[in-house]
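The following features are taken from TrEMBL:
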type	residues	note
TRANSMEM	6-23	transmembrane segment
TRANSMEM	30-52	transmembrane segment
TRANSMEM	58-77	transmembrane segment
TRANSMEM	89-108	transmembrane segment
DOMAIN	163-444	domain 'GP-PDE'
DOMAIN	461-767	domain 'GP-PDE'
């Protein structure tokens, strides 16, 4: 409870008491004392409330209210001892003593708890409204405090209020559909504007259960429990028969580690879970009538506990009283036939005035609103939402799941998909039916209307591109780099390769087979095997001249070779590769960039076997960056390598400070030794590590995060983590197949300094929303205990330690001597982030001249 909730009433009580004393006895002293103390307390409460709204604590208010209450306790306590009168001395003394204890407690516990914008945190905090978590009406009253901080009139929903999130079978994207744990996970990851979805089925003895299908076969282990049966419909079993049946994951592409651990639930049990709303979906009512069971009668008996009832059967909805609860007509696939009207659902969607006669809303597959072509690209949106709202019908969209393949337009970002249904500026649906309710809930709460909200302090995390925006365009092409800058990247990267004619250029791989269409050209006969680079054969960049490489077409690479998640096929061969000079010129055009990151690998092999000094070639291009007008750039440059000798060569030849040198650890590690840290500190100020080095997971489940980042940051390193992608296959199940949840965890819980990403737009959007960052975070290892021990993957060997010997490298071979004088090198020293270092370089230059 916040102090101002009591301080202001306390002050008003004292003013009232002083006034009553004056009216009864004419005591000006009583009135002055009560009114004076009361006004000061109200002032303190006002200051505290204002500070609270600004997410601060008022020191003046804390001191003032504590001193006044303590003084009143002392003065009125002494008066009571002298007069032995309870009114007013005794009562004021007791109240003031209690308030003094309360204020001291608040001081000891750090003052008022500043609320996050997350609804789940608001509900768990005590408030002046005395609303308890789990109180349905209390939750509804808290709508005023919803996270989006957008006025109701700004929503284009029918009601003008934020859309509702309907959790299909609970959090069925993680746990088995309609299991107790699936429903419970919803309550700890979401809060307001929520309804739990229950597909209603009836047992032989008329008990209503929540189960996704009429047939129990695919979603439970019923066949194992009753192997002698030929059919496994719900009407073939009594509720008691089902007591030994457990639920299993019904989407086979999802993890089955939670199968066999959770029993089937009755509707009454789900209704008691305390969610703000309950949504019953009714199908196959005619089938149940054939077994002498009435869906209608069962639903009517529960009507006071149900907020929404949906059905694809018009006859069922017509049999219900429209005023009992919200009746929603559910549309199935467009070419399916609705039995009552014998019309396709597609044709019914064009007759919304008829739908209005028996329902208050419609539930449609998302393709009814945003059609998707056979090539998995969006077509123009339809007018369905607008037309339904004109008829007074709410519109709920279904078939949302983070781990389903959806339109390429969204770049595998589920949040972007949800926002297109509520934040396009043209319309907004009234709710989502989702297997991953946390994603639409946070999209609505934090990312809707983001461009119209006041600027807030951005998250302190640097966004570094991985070959540009390589999730949308072929990596290291002009289009990928331009998209990355547009999407909000801070540091643009160039993975330097060398051509046969010793020209440095940007390409993600030294093997042209990985990044170009070279195999389909006449250059395919240049294939060779270089064991120092990779075990398989390849066509290497140093085998072709730069002019030959420029003739090749780029290709988009997939995030994981073992998953067929193709990236933006329309752009798979667009863009052109850039020389390092062209890259630096492009980067210099953008004032929004903090700098560029030059990556150098395979330098030892190129020096020894190809007579190419990558370091010299790079330094030659970065010594003086000029625009077409001849103006020197001010962009900062960092150099990265997995090889100490390369970074040392940069350091010695260019007087580069460690802060501009980045050491990349090229394997997953569980920790780093003190000696290795000390060694790296001698030549680098930033370290790049993998996500798995921070958050190792086995079989898709996280056990515990490592302390690698904390140890490195404690030693003064900046820590960048790679590589963040939107595709759900790149994330453990604990992160709910949500790329933004993953980013939030690494920024808030791990506190990394930089994110290296294929999709800079996802991180840039997250960084804008302070609301999202204040929501409850994912905690490592929370899902693992709920897995079925028989189904968990065997424990893997731990990742190795990074030790000093892993870092040590022999000096880089000099291909040829350099004739440049030290003076020239110093005069053109790399520009750095720190102004002090820049001044130091200039001083050296002028002294030498």
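Backbone N, Cα and C define each Cβ position, glycine as well.
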Exercise. Using a Cβ-Cβ cut-off of under 8 Å, list the residues of the same chain that are 6+ residues beyond the ends of the transmembrane segment (30-52) and lie near it.
Key: 2-4, 7-8, 10-19, 21-22, 58, 60-62, 64-65, 68-69, 72, 88, 112, 114
Quiz item: Near the transmembrane segment (6-23), which same-chain residues lie under 8 Å Cβ to Cβ, leaving out any that are not at least 6 residues past its ends?
Solution: 30-35, 37-42, 44-46, 48-49, 61, 65, 69, 72, 88, 92, 95, 99, 102
Quiz item: What residues in the same chain, six or more past the boundaries of the transmembrane segment (89-108), come closer than 8 Å to it by Cβ-Cβ distance?
Solution: 3, 6-7, 10, 13-14, 17, 62, 65-66, 69-70, 72-73, 76-77, 79-80, 83
Quiz item: Which whole-number mean pLDDT does the model give the domain 'GP-PDE' (163-444)?
Solution: 94
